[in-house]
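Heads up: the structure comes next, in structure tokens.
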Amino acid sequence: RIFEYCPEEFIRPLLDELHKYTSSLVQDQYGNYVIQHVLEHSQKADRDLVVSKVRGNVLILSKHKFASNVVERCITYGSEEQRRTLVEEVIQTRPDGTTALSIMMKDQYANYVVQKMLDAVEGNLRDLLVLKIRPHIQSLKKYTYGKHLITKIEKLVPQMAAMATSPGISGMQPSPVTPVSALPSPSLGLSAQPTPTLPSACPLDPRHQAAGEPAYGSLVSQYDSPTALAHHRSSDVSFSACLQPSLHAGMSSPPEFSAGSNA
């Protein structure tokens, strides 16, 4: 409450002292709330100091029961450049060929950090994040915590849901195809231009259709890079969004994860 209501001259000595212990406070059961308030209510210079402590330790802190809350706040209240730095840290390929993201997606605490990243970043960076998640969409179904991320992906990229309900997946049936528009058929002797159609098992969502939103999920599945996807967005072809089939069936129990010494 001091950070919320007291003037700068009163809280500056307290902030200066707190910054000395940020690394330990973020992992403390009660101290993490203090650092969260620093991120939310203090000046940019103070936020920068906290983010600098998190940078380079995103995976470790995201798997911690208490520190994961601080990582989420860094993503929410950090600058655009700081968010980019944190996201790039988890999607870069490590020497063993894995990414921190592949571990975080299946962790009981870190998966919420990934969800926060999807909420906070935009444009090509979010497209790149989705492209990194997509190869793991089937394995996520095996984890209780993975279903939360699948639900998030359903909302952001409906085409991912259609991919996850392709034939052969137990308990899942693809939805019937709905045409994008009812143009005259060339078979009747009428001239008609080729009409873009949605991929199989991807019906229209009236909520998005009314808003005129394009189904970028289908674009993500067709393009290998955010640059190519961004180029396609500038074309004249528009798509209707898709329904979001449930992926919650058949979830099995998660493995045990270590949440840190204070979890």
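Every residue, even glycine, has its Cβ placed from backbone N, Cα and C.
Heads up, TrEMBL stuff is auto-annotated, nobody curated it.
Taken verbatim from TrEMBL:
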| type | residues | note |
| --- | --- | --- |
| DOMAIN | 1-157 | domain 'PUM-HD' |
| REPEAT | 17-52 | repeat 'Pumilio' |
| REPEAT | 53-88 | repeat 'Pumilio' |
| REPEAT | 89-131 | repeat 'Pumilio' |
| REGION | 178-209 | region 'Disordered' |
| COMPBIAS | 179-194 | compositional bias 'Low complexity' |
* Structure fact -> In DSSP terms, the repeat 'Pumilio' (17-52) comprises 29 helix, 0 strand, 7 coil
* To do: May I have the DSSP-based helix, strand and coil counts for the residues of the repeat 'Pumilio' (53-88)?
  => 27 helix, 0 strand, 9 coil
* **Reported mean pLDDT - the repeat 'Pumilio' (53-88)** => 97
